[in-house]
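So the structure is just underneath, and the comments pick up after that.
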Amino acid sequence: MSGINQTGLEIREFFLVGFPQFQDQGSRNTLFAVLLTVYLLILLGNLLIVLIFILDESLHTPMYMLICSLAILDMVIPSVTMPRMLALFLFDSRLISFAGCFTQMVLYLGLGTAESFLLMLMAYDRYMAICNPLHYPTIMSNSFVLKLILCCWLVGLLTPMISLTLALRLLFCGANEVVHCFCDYSAVLRLACADTALNSYVALAIALSVLLIPLFFILFSYVRIIRSVLQVAGSEGQRKAFSTCATHLLVISVFFLTATGVYISYRVPGVSSDVRILAAVVQNVLPPLMNPVIYCLKTKEIRDSLLKTLRKTKILPGAL
């Protein structure tokens, strides 16, 4: 098999296996069709959110800047892995270079980390808007929020560098078959010809920090929000506040529940490789697929802006 080292020398390319139990052409064609459809829906839905934000100046506020940033992340994250998966299933293109594999791995981890911290920032924005409404316009200005968004991206992209540095010190000299659809960190680490205990502990510590620290601040923010709304706002104010928060909480739930599912699948004994891979693919595509749907259905301003844009472009009939 091309790429497998037979001489004990360090390998410089990997071989993506895909789903071990679905290797026939019919199964691969089905997987390709499903993933291509999902990928196109992800790009279309999130691009629509970005275009609505750009075209409607009334949405140029911190909350919608954050939603737009989330939509951009939701387009970029699947684009790191999906084209490679589509090529794997359609053309049986399995070989990936050592540098390409590690680049994909770091980008996927880094962008996922950035999204976790961005969701935390969105919770902080709602906390400031509801619990400190008088100070909100001066503290959460557009320029300040933009800086915070850039910090989320920066922290996200720098965080995996610790794991990358440790992984690059390992020697990969045995089989080069990555039992996955893309270069997943845990799957690649199994191919190292050295003790990977330190790598595993560091990766676990980083993963728990990336998930639990933002989740703690999100839950803390929403406990304070709920207390503040119940004590101060009237029935109409409570309804609007809870409606806004419910949208964000749905997005948070989808992201953290899918991430937890992947974490559990790797640590429960006896779980098949196909289940682990499926969990990772679902984590890759479900939040980016659901987020535009949630925001379009649950956020009145986005719905109204979308309808106004469609009527301006004559896609929908009727006066404004």
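A Cβ is built for glycine as well, from the same backbone N, Cα and C atoms used for every other residue.
Features as listed in TrEMBL:
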- 31-55: transmembrane segment (TRANSMEM)
- 45-295: domain 'G-protein coupled receptors family 1 profile' (DOMAIN)
- 62-82: transmembrane segment (TRANSMEM)
- 102-124: transmembrane segment (TRANSMEM)
- 144-168: transmembrane segment (TRANSMEM)
- 201-220: transmembrane segment (TRANSMEM)
- 241-265: transmembrane segment (TRANSMEM)
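Within the chain, the transmembrane segment (201-220) has long-range Cβ neighbours (under 8 A, six or more residues past its boundaries) at 112-113, 116-117, 119-120, 123-124, 159-160, 162-163, 166, 185-186, 189, 252, 256, 259-260, 263. The stretch in 31-55, 62-82, 241-265 that contributes the largest number of Cβ pairs under 8 Å to the transmembrane segment (144-168) is 62-82. Averaged across the domain 'G-protein coupled receptors family 1 profile' (45-295), the predicted model reaches a pLDDT of 88.
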